[in-house]
Amino acid sequence: MSFLQSLADRDRVFDFLVPEDSPVDVRHGPILYLEDVTVSFDGFKAINNLNLTIDDGELRCIIGPNGAGKTTMMDIITGKTRPDTGTVWFGSRHNLLQKNEPEIARLGIGRKFQKPTVFEALSVFENLELAMAMDKSLWPTLRARLTSEVRERIDAVLQTIGLADLRARPAGILSHGQKQWLEIGMLLMQRPRLLLVDEPVAGMTEQEMERTAELLTGLAGRHSVVVVEHDMGFVRSIARTVTVLHQGSVLAEGTMDQVANDPKVIEVYLGGEEEAV
Amino acid sequence: MIRILPSALHRSLSRRLTGGLALSVLALGISTTALAEDAQDPIKVGILHSLTGTMAISESTLKDTMLMLIEQQNAQGGLLGRELEPVVVDPASNWPLFAEKARELLAQEEVDVIFGNWTSVSRKSVLPVVEELNGLLFYPVQYEGEESSENVFYTGAAPNQQAIPAVDYLMNEVGVERWVLAGTDYVYPRTTNRILEAYLAANGVGDDDIMVNYTPFGHSDWQNIVSEIKQFGSAGKKTAVVSTVNGDANVPFYRELANQGVDAADIPVVAFSVGEQELSGIDTAPLVGHLAAWNYFMSVDNDANYDFIDAWYDYTGDDEAVTNDPMEAHYIGFNMWLEAVRKAGTTDVDEVKDAIIGVSVPNLTGGYATMMPNHHITKPVLIGEIQDNGQFSVVWETPSTVAGDAWSDFLQGSRDLISDWRAPMRCGNYNVVEGSCGAGAAETVASE
Amino acid sequence: MGMFSAGRGLVGLVLAGLLWLSAGSALGASEASSAPDPGRGLLTELAEADYNGKKAVIDTIVASGDERSRRWLESLADGKLQRLKDSGDFVIVLRNRGREWPVVDALTFEDAGEVSRRALDRIRINNALRGYLDSSLALFDLRVDDPQARLVAARDLIGEVDESSVEPIARLLAEESDSDVVTTLELALAIQRLDQGDVEAVEVLAGNLDSRARAALSQASRSDDPTLAAAASEALTSIEQVLKINRAAETLYFGLSLGSVLVLAAIGLAITFGVMGVINMAHGELIMLGAYTTWAMQQVLPGQPGLALLLSIPAGFLVAALAGVAIERSVIQFLKGRPLETLLATFGVSLILQQLVRTVISPLNRTVVTPEWMSGSLMVNDALSLTLNRLYVLGFALLVFAALMLVMRRTRLGLEVRAVTQNRAMARAMGIRATRVDILTFALGSGVAGLAGVALSQLTNVGPNLGQNYIIDSFMVVVFGGVGNLWGTLVAGLSLGVINQVLEPWAGAVLAKILVLVFIILFIQKRPRGLFPQKGRAAEG
Amino acid sequence: MWLTRPLSERSTLLFLAVLGVVMALVVACNLWLPRGHALHVSTYTVTLLGKYLCYALLAVAVDLVWGYLGILSLGHGAFFALGGYAMGMYLMRQIGDRGVYGDPQLPDFMVFLNWDSLPWYWQGFDMAWFAFLMVLLAPGLLALVFGFLAFRSRVTGVYLSIITQALTFALMLAFFRNEMGFGGNNGLTDFKELMGFDLTAHATRLGLFIASGVALALGYVLCRAIVVSKLGRVCIAVRDAEARTRFLGYRVERYQLFVFMVSAMLAGVAGALYVPQVGIINPSEFSPLFSIEIVVWVALGGRATLFGAVIGALVVNYAKSVFTGVMPEAWLFALGALFVLVTVMLPNGIAGLLRRRRGDAEQVPTSTTTTTEAST
């Protein structure tokens, strides 16, 4: 079966050629490196010559008006969309453009979607169980058992995201904010090197937002975190470095104050979104 | 995508399941209990025709025919002083369901005889059941032959009662030299065309002058094929199409012929599966002159036929209703069975089987049909031309009736086989060369 | 072969008779006297002769110059000239269905009441005889003023000319004014000359695409005379080349025609399925309803099939649309957002509708008459003719498509439909009544299915199984084109039609269909969202 | 052992117990109650029930991919039919020289259409082990090739459904072709015996009934084992949010392919047991409408419950058997109405009804619209 399976994998020729779970090499520079990336849909350039570097352990916020290409950028990093040109490197060893989503995920890049996507039919506990970093190929999954070690890890994360009481409930009944946390919890279970977080506080109450900010800042350092967000207040509360995207490329980069005073940014945002003001 | 929630709901659901299953089994069990037969009980006649699905178009009228015949018979006092009771089931044009329903009729309802089936595949499906449970089946449709079962009576035409005389007519009376054999891809056209190819070759028609074409069931786009036929027919020799195209595909076929200007004077089409009922769905004005070969036409000028038609008009309440060849086959088969039961004095299957061989009853074309020892019957062969009123006018007929041949003389495997279900032989596939019955033959040969 | 020469003899004879008639010496001699009608004698002879004998009698009837002969021959050709069994009188049947048939006296043409069909004997006639009759009837028309009728008559002469008729035809040709008739008659004469071994006749025939000319040439190419054979083969080769182009054009037309049927069947589904997301398995039955509406309309307006067909277009649309509304209100509205469940429920609806038609109308197919102006074909040249009914259907499909595009792009309804499709909640917030839009959209899709039914009634069976034959193809077309894209449906339908027809002569009908299906399967691998996928974020939902 | 896990579940044990008891009852009532006794179960009924059990196994196979993996296969009839054909070919070879033409090698239809020798793909089917292997391999390989292509290209949703439909439709047309050497429209029929047992014998029929029941039980346990494993949860994850699962590092297409193949093989087994009981296999089993009907059984019983599929298959087919006899001309109305009513009134099928009556409190959104609307 596993032989057939390896045949079924179209992106790999021979197993031994690709050291799959090799550590990310960050000795020579950043953990994520995008260069000259361009992608267009039907002639519309969603990403236009984008250059971006994220350092190991950094917490980076990315802002930009609607249609600036934030989500598309995430799609490219996680392998969902292939760019027309450009290169994307994870550490100095992994060319992400040659990998598909599961491989990228196994390298240690986790993603939280804009719309909270948890598995609604499964319990909170099971959601975390599926996300846990372990052998995710077919046979082991079929035969997997819940060891006490696994349980402990899941319990720990349940504590962190504050959903311990709801562990046995289906994820579908969680509130919007709880789903967001569950999703962050799932990212934690993956033990990623790099976390991509898309609009984590959309539709949250003040209190929920505070808690989310805590969660994310707590993550930085151990993990590199990229947050895409509209809410300026929230960004201000967590950000160290902010990158502004506009029409598919970087418009400005710096601290929140630097960026907020950049005349180009002000111009872009004036006709645009009210949050910027 | 729908999300259906979680596997947790499983639990003790199966408890309900128990109840349901047990109930249904119980219900089936009860329905199975048949009551002991008693002389005053009605004689049960099973009717196994599709009333739904693709074959309902052809078969549902046969069910009505049987109901009408039974009603008439009951009005005349029934049979052996007992009433006839029709048992109608619907095999829904589903071949395995035919077998199941046949089993239901024989094992559950304990009918004395079954009238049914249209397609060959449904007959093949029912055959083992009828043989296993020793039932009687009257099969009313023209078919490819190559079969003779002890329990089945074939009242439709075998290939020698339809195809060969039709080709003879075209060859001798119309002067056709070039042939298109067009059919639906299933066993009846395949066999008929193989027989015809052999027959034409024996009559000196070259391979170049024969074009064979098969189409799927219900084929509706005939543009290319008609165009090919036109081209094939423009070689300066008189050309005809022998069509074994089945049922529904005929309407678009004839429409395309008419619209591409192929008329009967240029390239006549002789069909073996197009009768009055099929024509009732077509505007026949452009088709006048195309031919069909059958053993009965509604237009036959005969009082028995007119009586039958009038009864049919009355029964259906529709003076535009049509009758056709398989209906006549049921008429003949039903009367033969009545006669055989009277002769045997019982409905016992084995006795009726013996009694029916040699029974003669009037057909609707002014002659008599006789049950032959091979369970096929004698029939006249009529060639008719389509009229603008959806009827056929007979242009030619065989001088006397033709006996159905179960095993074709023109096929390699069956050349040496005959069928005779009378006492000493009792064999459906007797090999005259080896002098032994069917499957046993090979064994004898092997052991010698 | 004997028959053919008999045919040629007849032509000569009739022509001679006609010329004689046209000389003015034909007078109705029978009218004057009250002596026994000679017609009765002629008809008795006709009734009693065998097929070959009947030909001679027909010649006599034609030569007699009796004014009634035309009607006699026509009735004979239709099988309506019949004889009463007891009296031996001749009648012409007016309507030959049912038990009692209305008749008129064949000699006086006066009404003779109704006669039981049992009391009648039909005067038998077969195909050969009918052909014989047709050409003699056509020759009655050679003298008429209408050049169109003369052309038809002239066409009948192609390949039927023999020595005896060369002379009279040549004379008629000299008097003929219409150029088409002239060419046709020249062709007819040239074929006869070619048969005689005249090399010059090849020139007249060269480049002519008529199949009978080709048949004559191919016969000549096998002739013993080397010059004739060479000239004929050369002419044949050049004809073959033209024919090849014609055949390619013909295949393309066949493909487009099949494609237009697919488009018509699928376009309604493209709306209900593509736009609303309802997997409507009863779509086929809505098509069936449209076809039955056509049938019903023709029953209401007997004798006016054309008018009935035209009226069926709005009627079919309405009937199917109303049925669609009923389905939407009774079933689909309860299944909002559960597209797969609509599949199951509408599957049930389709079973019910099918059986309803079987029970209420009949399990048998119904006759839908093709109006005069839709039968036959449009001759582009002698080898390429486009069947009219399919041409109309092709045009109709394009019209329906254009109208639909207009509705979707230019009307308030179209705008609302698109709004509701893209964001239901938002559209509702903006004051669009989503429920009303749902009903209207489903009605529109269903109504278009009804239109497809009206068109299909001209091509195929009108019966309870009609819908089932198209439902699977329809889904293939919509999916192949890309769900939610009307242009996709159009392009997909037409291209699948053409692919099928191009493959068919080469692979056979069954294999062609299989190959098309395999092609669809592989194509979807290449483009998992069809020919024209919806792009961007909307498609991800 | 992962396979035995379901055996510690109460629901599975209950299912097996019910199945076992009912089957034992049927067998007992058939063997030991005299004909004419009110509770006698005729052999006809036994065969009928055997057929239902095959359908139930088929429905379980469909529920596995549809209910848990979210793949609405409108072509599962193809796998069922392939398994059936593999069995049919074995049974044809078993006829040997007892066919009407007495040819020891060629089946009747080949003699009849003048084939001079057995085509290569008929070789080996005279051996039971080979035929039974093909019962699994033929549908399995088709599922492998088809699934490999489709899942690799990420064909999803209705596109996937329609190409599965195209697949079975193409196969139907292909098998109708007489040149294929599978008997064309007439298919394979007139079987005599299976592994030496006379197919018309009552004991054989009982045996086939029991075999079908055992196959259903094993198939059910296998599916449950998959469903309750972590792999089963991955499947549900794929069903509900395919992209998300991928970002968690699962190679979704492998999971899809695996489960699809298991399901196809189960369908093949169901087909193989079905054929000797109904006595015929012909291309109409490939008909797309049949495949849709299977889906209807599952939906009617309740999707994603496995036992719901069993109930659905039994109820619909039982209704069909009864109605076609009791009301031959109106049964389609009843069946059609049943489909409509159940879908409209019981969104979670009969299983859902049972669950509701038990009063399960937890109500969770069951459709995407609810969630989409909530999030927009």
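Cβ coordinates come from backbone N, Cα and C, glycine included.
Because the structure is a prediction, the values reported are computed rather than measured.
The transmembrane segment feature in TrEMBL is assigned to D:12-33 (among others). Counting residues 6+ beyond its ends, the transmembrane segment (D:12-33) has Cβ neighbours under 8 Å at 6, 39-43, 45-46, 49, 202, 206, 209-210, 213, 216-217, 220-221, 224, 307, 310 in the same chain.
Within its own chain, the transmembrane segment (D:39-58) has Cβ neighbours under 8 Å at 26-27, 29-30, 33, 76, 80, 202, 205-206, 208-209, 212-213, 215-216, 219, 266-267, 269-271, 273-274, 277-278, 294, 297, 309-310, 313-314, 317-318, 321, counting only residues six or more beyond its boundaries. Marked as transmembrane segment by TrEMBL: D:39-58 (among others).
Away from its own ends, the transmembrane segment (D:65-87) comes close to residues 58, 125, 131-132, 134-136, 138-139, 142-143, 158, 160-162, 164-168, 171, 175, 182, 188, 226-227, 232, 235-236, 238-240, 242, 255-256, 259-260, 263-265, 267-276, 281, 283, 285-288, 290-292, 294-295, 298, 303-306, 309 of its chain (Cβ-Cβ under 8 Å, at least six residues beyond either end). Taken from TrEMBL, the feature transmembrane segment covers D:65-87 (among others).
Per TrEMBL, transmembrane segment is recorded for D:127-151 (among others).
Residues annotated as transmembrane segment in TrEMBL: D:158-176 (among others).
Sequence annotations record features per position, and here TrEMBL assigns transmembrane segment to D:203-223 (among others).
Residues or ranges marked as transmembrane segment by TrEMBL: D:255-274 (among others). Beyond the transmembrane segment (D:255-274), the same-chain residues lying 6 or more positions past its ends with a Cβ under 8 Å from any Cβ of the stretch are 50-51, 53-55, 57-58, 60-62, 64-65, 68-69, 71, 73, 76, 79-87, 132, 135-136, 138-140, 142-144, 147-148, 151, 208, 211-212, 215, 219, 222-223, 226, 231, 234-235, 238, 281, 285.
Long-range Cβ contacts of the transmembrane segment (D:294-318) within its own chain (Cβ-Cβ under 8 Å, at least 6 residues beyond either end) map to 11, 15, 51-52, 55-56, 58-60, 62-64, 66-68, 72-74, 76-77, 80, 216, 220, 223-224, 227, 335, 338-339, 342-343, 348-352. The transmembrane segment annotation in TrEMBL covers D:294-318 (among others).
Marked as transmembrane segment by TrEMBL: D:330-350 (among others). Remote same-chain residues near the transmembrane segment (D:330-350) are listed as 296, 298-303, 305, 308, 311-312, 315-316, 319-320, 323-324, 356, 366 (criterion: CB distance under 8 Å, separation of at least six residues from the stretch ends).
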